[in-house]
Amino acid sequence: MENPEKEGASGREDAPQSWPSCLCHGLISFLGFLLLLVTFPISGWFALKIVPTYERMIVFRLGRIRTPQGPGMVLLLPFIDSFQRVDLRTRAFSVPPCKLASKDGAVLSVGADVQFRIWDPVLSVMTVKDLNTATRMTAQNAMTKALLKRPLREIQMEKLKISEQLLLEINDVTRAWGLEVDRVELAVEAVLQPPQDSPAGPNLDSTLQQLALHFLGGGMNSVAGGTASPGPADTMEMVSEVEPPAPRAGAGPSLKQPVAEGLLTALQPFLSEALVSQVGACYQFNVVLPSGTQSAYFLDLTTGRGRVGHGVPDGIPDVVVELAEADLQALLCRELRPLGAYMSGRLKVKGDLAVAMKLEAVLRALK
């Protein structure tokens, strides 16, 4: 099926000429053929061109464009024909990372990978001089406009949806150039500045804060945003390995238990097949002690009812959270915000942030 834009381009190619121009054109073309025959086969080395299947040749005869030639052998008239090759294979380029401000005031470094191909060789030659530069600028402008309207959380969680929208917007412009974009992949390189306004709903900051408070030092009420119950049954005391706390009346030996070990005991009863089907990911938590040693703990919610324990998981974890014990204590005392620790590098999250946010399902199960 012929594309209507292509038919329109062909109509512009066949613009009528005056009879003197047609006569002159025909006469010079005849002389070109005659010269080719007289000097053959020597002229064959210069007049015959081979066009592969993945290319088309755009020939200009006396300045007027002709129908795309190829694949196969193409005959060019000496002195009066000029040509330009057009590659029809899929090509790719990267939009270099640039600093953008999201709707909620966050500053992030975002780039994109774009794959495109030429579907109309004539339009690609006639309409745009530098096709790669024009397409790259179009993709960067579309990316900037799309991200300025969205908060940081939406950009991180819906990269595929934004990429599909960018694909449509870029194609609306480039189709008139004989070019079609096949794929756009958005790449968030780094978050340079956290959001100024806290977005409605859960985010990475609140998820990590709630995990720290509930698993490593808070009770059920801390997760819900309230204060911890004063009763001994819901109390867990933070023990510093550097400076021992003052003795507390009524405190049993269980308070001497390391906080992370208490985490394993508290989390085990809440594991279920429903939680595994909802999360479906494996997490590893690395806590660096003041001595320089590192304690590893895992939460495997990929099979069965899930597992939690000391050490590393059997398989490769989807997300690895690493922080020092001093930073962990600062998180528990609310002296350090998780997002601030993450931005400064004190809290390291390796893996997909979208998978890390699935820990919110664990919090809901604990409430």
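Placed from the backbone N, Cα and C atoms, the Cβ positions cover glycine too.
Note that the structure is a prediction, hence the values are computed from the model and not measured.
These come from TrEMBL:
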type	residues	note
DOMAIN	46-211	domain 'Band 7'
REGION	225-254	region 'Disordered'
TRANSMEM	27-48	transmembrane segment
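If you look at the transmembrane segment (27-48), the same-chain residues 6 or more away from its ends with a CB under 8 A from one of its CBs are 61-62, 73-81. Each residue in the domain 'Band 7' (46-211) has a pLDDT score, and their mean in this model is 86.
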